[in-house]
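A.B. asks: Sharing a structure below in structure tokens format, with a few things to ask.
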Amino acid sequence: MSVTKSTEGAVAVKLDLMSPPESAKKLENKDSTFLDESPSESPGLKKTKGITVIQALIHLVKGNMGTGILGLSLAVKNAGILMGPLSLLVMGLIACHCMHILVRCAQRFCKRLNKPFMDYGDTVMHGLEASPSAWLQNHAHWGRHIVSFFLIVTQLGFCCVYIVFLADNLKQVVEAVNSTTNNCHSNETVILTPTMDSRLYMLSFLPLLVLLVFIRNLRILTIFSMLANISMLVSLVIITQYITQEIPDPSRLPLVASWKTYPLFFGTAIFSFESIGVVLPLENKMKNARHFPAILSLGMSIVTSLYISIATLGYLRFGDDIKASISLNLPNCWLYQSVKLLYIAGILCTYALQFYVPAEIIIPFAISQVSTRWALPLDLSIRLAMVCLTCE
């Protein structure tokens, strides 16, 4: 009898050892709770190092706050005092909604493929592979290459615009320095003193830009993004303080402008919402990516509200006299000239954040082709070459 019991116990132990563990059963079940978690919550996918919620918000706001906001008042003129702000609101909502779709798709593929993060190329490729079209499934890898190419072109294009902005604004400040006064109520014509060519000003920024792009850590770049946000916020406060004085009767302005000028509004407004390229890199670098959708909504709400406020007030204040950049409508005194200097500092710090996206696409592929010994020299060389390319 005891022999029979011991035999049954041995068989039970053997069967128990042969059965898969409970965790393995959960992994095999496609409907398990494991697959319903966000990537940051999945076992083995939690990031011990990464950027915090506040750092992600700072980068997201900074990714949007570029040179485009200065031209939004002219954009509203091309759309109308009613149509312009409404269009900006709609575009902000659509941009935020599309960013949420992008993040959800990336997180879903992370869970399905058990990967810690997804970049733009991977998200597009796996999205095409999951499509019902056999042709798209067979050519999914081309989607990855096309998206990566356009991301590189777009982000480096932003960097080129930033360099032109830096050079032109510094040139304007230097040339007007002799006629700049402390009287901010004077309407005297500014006499500019010609100085060196704009290309030489671009060259003068090159060493600073190279040092900035050599920073490869988003956590360190948070410091520069914070400085950029502060400098731009101060400059926008100074601009707002001026444009809210003596606002004329708004009834003189058209509610809806001609449809022929609306494309000009659309181009400037689209350029202003320039953070789409940094969304997934920020989400990938967060310690806890499940908080990113809330950060995305908050950041885009701040940016859209700021855009609508500055654009509308600028057009109300200057009307048809509004210039391509609202900073050009400011008096030629040191207080308002400081707006340009503050914006120069902000854009200088922003350059590194926009540069981060194409660098993350190009450099990992390049260094994978060489030995570890040459990885760092090649990394820095590519960064240097890309900065020089944007300065040409």
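Even glycines carry a Cβ here, placed using N, Cα and C.
Annotated compositional bias 'Basic and acidic residues' per TrEMBL: 23-33, in sequence order. According to TrEMBL, the feature domain 'Amino acid transporter transmembrane' maps to 50-363. The annotation region 'Disordered' is assigned in TrEMBL to 22-45. The transmembrane segment annotation in TrEMBL covers 56-76, 82-103, 146-165, 198-215, 222-244, 264-282, 294-318, 338-357.
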A.B. asks: So if I exclude everything within five residues of the ends of the transmembrane segment (264-282), which remaining residues of that chain have a CB under 8 angstroms from its CBs? That is, six or more out.
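C.D. replies: For the transmembrane segment (264-282), the sequence-distant neighbours (Cβ-Cβ under 8 Å, at least 6 residues beyond its ends) are 51, 56, 59-60, 63-64, 66, 68-69, 71-72, 74-76, 78-79, 84, 87-88, 91-92, 95, 98-99, 102-103, 106, 117-120, 123, 151, 154-155, 158, 218, 257, 292, 296, 299, 303, 307, 353-354, 356-357, 360.
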A.B. asks: Between the stretches 146-165, 222-244, 294-318, 338-357, which one has more Cβ pairs under 8 Å with the transmembrane segment (56-76) than any other?
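C.D. replies: Looking at each of 146-165, 222-244, 294-318, 338-357 in turn, the most contacts to the transmembrane segment (56-76) are made by 294-318.
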A.B. asks: Can you find at least 3 Cβ pairs under 8 Å between the transmembrane segment (222-244) and the transmembrane segment (146-165), where each pair is 6 or more residues apart in sequence?
C.D. replies: no
